[in-house]
Amino acid sequence: MRRTNQEKLRIAVLVSKAAFQFISGVSPSDYTVPEEVKAAGYEICADELGSIVESHDVKKLKFHGGVEGLAGKLKASSTDGLSTEAVQLSQRQELFGINKFAESEMRGFWVFVWEALQDMTLMILGVCAFVSLIVGIATEGWPKGSHDGLGIVASILLVVFVTATSDYRQSLQFRDLDKEKKKITVQVTRNGFRQKLSIYDLLPGDIVHLAIGDQVPADGLFLSGFSVVIDESSLTGESEPVMVNTQNPFLMSGTKVQDGSCKMLITTVGMRTQWGKLMATLTEGGDDETPLQVKLNGVATIIGKIGLFFAVVTFAVLVQGMFMRKLSTGTHWIWSGDEALELLEYFAIAVTIVVVAVPEGLPLAVTLSLAFAMKKMMNDKALVRHLAACETMGSATTICSDKTGTLTTNHMTVVKSCICMNVQDVANKDVANKGSSLQSDIPESAVKLLIQSIFNNTGGEVVVNKHGKTELLGTPTETAILELGLSLGGKFQEERKSYKVIKVEPFNSTKKRMGVVIELPEGGRLRAHTKGASEIVLAACDKVVNSSGEVVPLDEESIKYLNTTINEFANEALRTLCLAYMDIEGGFSPDEAIPSSGFTCVGIVGIKDPVRPGVKESVELCRRAGITVRMVTGDNINTAKAIARECGILTDDGIAIEGPVFREKNQEELLELIPKIQVMARSSPMDKHTLVKQLRTTFDEVVAVTGDGTNDAPALHEADIGLAMGIAGTEVAKESADVIILDDNFSTIVTVARWGRSVYINIQKFVQFQLTVNVVALVVNFSSACLTGSAPLTAVQLLWVNMIMDTLGALALATEPPNDELMKRLPVGRRGNFITNAMWRNILGQAVYQFIVIWILQAKGKSMFGLEGPDSTLMLNTLIFNCFVFCQVFNEISSREMEEIDVFKGMLDNYVFVVVIGATVFFQIIIIEFLGTFASTTPLTIVQWIFSILVGFLGMPIAAGLKTIPV
């Protein structure tokens, strides 16, 4: 479906572009501003704006004065953005629209009722009910002759409305979750202040800041930026990335920033964007079936076929018995209305055996359990994007975790530095003291150089917010460095205005560094600054600024001293960064790459990122649960090892390895190495991808991977479960993930694993319960039909049993919350059997007990209870039906635990379970005592009620005894 939709999108985009090229012959000067737009003070309308970007019309753009001209016509500033006056924003919304796509209309409750009625077995039963009504009324009159038919109709309607209600509530829940998925904020400049804003609040004229991994939130135009590469594959299907710059300034909604950073002017929003128009022509499909649903659908099909065989044989045996009776009395050519109704009842019983046999509750239980888990996980700060992730996470055997922000707090500060070869401890001092302490030991020329490097070679920004306070924007690493620059007395805006930026190379995970080339005011000289992983940047240096502020060659002794410093910082669990510069001689073109060698080292800084509270305990919990936690990071190996030991990840028998070393290993070496790897440092995105792939394919592990950047997308795709960070994660990482960890906390990942296990176990409990009912109902009716020529359980009674075990059973057992015991078990893994030996033991043990009870009642029931007279058979069948139902009620309680004896623990905490059990008992009393005419029952005596309950209750000690049998 996805491929088909993408092809539709691609074709629609190409057709759209062709159409615009065809009509581009119309001169731009023909454009006239609509009166209502003029009256509001604007000089361009929404349609004209849309056509410029959608058709990539450079002529029209020039006609309107370029990007700056369009900003003016939109009453916006290309530097300060829009005014935040409410009246102006409201007027702008009315004229240009809002940034929301029209959603497909929500299906109403009655649509779900109609869909539930489409079930083939229910339709057959409906025909039976109709014929029963016609024949019954014709032979016995109204209302007596209608009872059997109306009983079946009432049962069908009950099944339909309960199913429809369940599906409708589920659809509402998924719609709410879908809204959560689409909550995205972007950095916007309004009134000259940079601020976070929901993409839904964007308007034409807004200035949006984009960086690597961001999704373009609306159609617009490039204002300024560097090295911007856009991935348009989601819109056009073309895999080739597109360079965006002043020559090609068009940015389309729904595309993603693959590299670089920029500011864009929003021109078109919502349904007027090309993405919006295309989305209007497509209907979004729901979640695919999860692997477990597919597996259980297969189980349901097999059981259904077995049920169909039993039903056909049962019907044949019952009809044959009837014909033999008629033959013996010589009335085989004479048929009465009662006999026709009896024949119809046999057919209804056969159909109902199929209804009972087909465990349609299996997929329902999976969906209910997953939906329940998804809703609860939202409260635990985990947004599930794909249903299958819930169940898969329960089988996870390995978690490959990032360090920064997941295991650590992601609140960084510079605590140590080695500037001009002088090591300084700058921790536990306020900002002012940090600066004065450093400045006193650093030559003035070096301070100036350092400030120049910090404020020009950065992806962050220092802004004044609307309250007049200084605010640092950017990644935690960037803000830590910017804070150091401010403490040295630097002024961000002044520094940025003093130099002209020639080229920017943003940080990426492959190079492990970033760079900038600036033009100095004195003489137009060019200078390159670089910043990144200490070993990599230091290796690019051949000179160093010494303690006197002089540039001297970087000799062996100096290199050794700096490497020792880096290792010392790293052993204290500090992230180290090296800052360097070089003066470029002989000219430089923006099309060239920034040089990779010949730099002068200015200094090294050590940044502290404390371990999150509770991480060590969570890692230990995973270990006890059989889940191996591996840390994969781009940091220095000593930093990685120090953090991993603090978290409890790196143990004495584990290995820490660097990405470049890992890459050089052959397959034979990897087979021996990978099971022992607990830390991978200085890893590239492909190292992470290779590790995950090897763990999954070679070692058959179920792997969960965390990621926050665009470069993590391959590993997130490769993993069984991709976990994206909600705070630090890019939109590309989030789209590649199955679960978004909203608080970026490792402890939340463990919570997801607990819920995953809970889902898996809950569905196993339900399957155990349902298969027990299936086996007993099938065998009882089939054997009874074969041996006595009649079935003790009628169609209406079987429909009620079906209701108990399908919908109500799914509700009760599929919504059990997780408990601490779940994380004391080993994971199921990829090859684990869903129906375990313990489940078969419980199913068969309970089935044998229930079958024996019912057969004893059938054979000796009348004499045991002294039942005589014309109603004795009805009374006995009612007693059998009641005992059968109470066996299921108590078996449902026993099914809460498959191995534990104590099944009452925590039962009252699950109000859904208590309500379902209570409702089942209540309606059973109503059916027996008051609905005899419809359900073919008769009121029971107090002794018979006590006996029924006792028979059901005895199933519990038997279930407890079965659990002691080893399997």
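Cβ atoms are placed via backbone N, Cα and C, with glycine included.
Not measured: the values here are computed from a predicted model.
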Out of 150-168, 758-776, which range is noted as transmembrane segment by TrEMBL?
150-168
Checking feature assignment: transmembrane segment per TrEMBL, candidates 795-815, 942-962. Which range matches?
942-962
For the transmembrane segment (911-936), sequence-distant contacts whose Cβ falls under 8 Å of one of its Cβ atoms, 6 or more beyond its ends:
147-148, 150-151, 154, 794, 796-797, 800, 804, 808-809, 811-813, 815-816, 874, 877-878, 881-882, 885-886, 889, 892-893, 896
May I ask for the residues of the chain that lie six or more residues beyond the transmembrane segment (302-323) and have a Cβ under 8 Å from a Cβ within it?
332, 339, 342-343, 346-347, 349-351, 353-354, 356-359, 771, 774, 778, 781-782, 785-786, 789-791
Spatial neighbours of the transmembrane segment (838-857) far in sequence, C-beta under 8 Å, 6+ residues away:
764, 767-768, 771-772, 775-776, 779-780, 783, 792, 864, 876, 879-880, 883-884, 887, 891, 894-895, 898-899, 951, 954-955, 958-959, 962-963, 965, 967
By DSSP assignment, list the helix, strand and coil residue numbers for the domain 'Cation-transporting P-type ATPase N-terminal' (66-137), in that order.
46 helix, 3 strand, 23 coil
